Amino acid sequence: MTDPTPLLSESNSAELKNHHHDQHSSLDEMIERCIGDFGWAQFLQAILVSLTWVFDAQQTFISVFTDAAPTWHCCDVDDYSCNSALSKSQVCQLPRTSWALDLPPQASIISEWTLECASSLITALPASSFFVGCLVGGFLLATLADSSLGRKNALLFSCLLMSGAGLLTVLSSNIWIYSTFKFLCGAGRATTGTCALVLSTELVGKRWRAQVGIIGFFCFTLGFLSLPAIAYLNEGASWRTLYLWTCVPAVFYSVLVHFFVRESPRWLFLQGRKEEFIATLTSIASPSADFYVRNLTMSSASSCSLFNEHKTSRIEVDLYSAIVILFKKRWAFRRLVAVMVVGFGVGMVYYGMPLAVGSLPFNLYWSVTLNALSELPACLGTFFVIGRLNRKSAVSGFAILSGACSIMCVMLQTSGVIQIGLELVSFFSACTSLDVLLIYTLELFPTCVRNSAVGILRQLVVLGGAFSPLLVAAGRETGGLIVSYVVFGAVIGFCGLFVICLPETRGGTPCDTIDEEENKEATASDFHSAL
């Protein structure tokens, strides 16, 4: 006699899959009816949340000016041993009276604390401490947005920590105290962009997620662009002025977040907070959905049934369970490792290029401004690429182009204009690759672990950036570009190839729970097996 158990198991499994599919469809239908059309309330929420990226960019790249190697000139023009083309190690062998700084000592931490002849490990310590702080903060704080704090409160806490630590840097009396505050600033900055990206995309319908995510990238560009302008207006002033100009507005912005930003309705739903879920949908719903929202508010029977149905499949996400899930589930771990490797390579170029432009024979203010401006076409490029190209092709293609241009920047040293042009193309390609990679990661992971996944990706991007100050400082000591730009090009080109390990998500619908993602993965696997 044949054993009927396998038939019974297959039947139950099919029913369970259909049940989860119906639950997901019901949730998506409820949310899409309320926020599917992009209204003014959602637009204002997206803008307000995305402004976080302005302060994120300012604190990320402020070291380009505050920690800049000071320019100098020879005191005696008849002294042939003194030459402006000398490398740092050669200048330090000259008598201190034979050369002088172009700007007052307080214009940079290097000149204020007489670190002109210090080793590259010392001068690169503050920037490296910032990136290490980003790594530590990302590990400690990223899961809070998926668990106890939620998207909004995690964003508020991170922004306050970043701006508060930035303000405290003005009290620094030496590079060690300064590096400590930079570490704390990096720890706060670690999750600001992640929370802003996830929250802004979860406040709108699936049709507008990619476009809303790109608003944050535009705001990051504006923050980056504001730095050379602020630095130029304060040229010769204390480096502490830059921190005051960038951190005080961030504190006031945090107050606006507390009073006016709404929590993610999807996160509220998964946490079982029904009243807040309905209230949030009511406040951000588009005008065309008013009738449906009123019915939903007056009669909670449909919403109650949805909450009850999801209790059986909802996973309780505590402080670190999201990370445990990402590493325990085989499909999630495979995806996470791939995006981590790609993010590491892209991050090394993305953070390293702006720090290394001072090594090029070009004006520092113009170099940083042009790098910041190159992010604008990168955002526009991402806007069009998202709808027209596969995610895998876009990420890998721009990463390889960035690597090729970075290496060519070393090979063609005959013209400063050609070098800065290749550097801009390399940076533009890295920016576009990173923007698409962030949107891609949002689509690869379900809501219950999405913030943690994006947070881990950003930490690997930062880890790549953490090596950049050391590479740039080593290049300045030797007076050449090979150490930094060749490494940049080789790493991003190689790491970009790992995107082939990921599934394509273009045109798909992001899931909310682990069960939904696994069912979709199983369905795709069965489909490919049938073929």
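Each Cβ is built from the backbone N, Cα and C atoms, and glycine gets one as well.
The domain 'Major facilitator superfamily (MFS) profile' annotation in TrEMBL covers 45-507. Marked as transmembrane segment by TrEMBL: 121-142, 154-175, 181-200, 212-230, 242-261, 336-353, 365-386, 398-418, 424-445, 457-475, 481-502.
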Check your understanding: With pairs 6 or more apart in sequence, are the transmembrane segment (365-386) and the transmembrane segment (424-445) linked by at least 3 Cβ pairs under 8 Å?
Key -> yes
Review point. Quick one: do the transmembrane segment (457-475) and the transmembrane segment (336-353) have at least 3 Cβ pairs under 8 Å, skipping pairs fewer than 6 apart in sequence?
Key: yes
Revision key, fill the gap. Model confidence for the domain 'Major facilitator superfamily (MFS) profile' (45-507), as mean pLDDT, reads 81
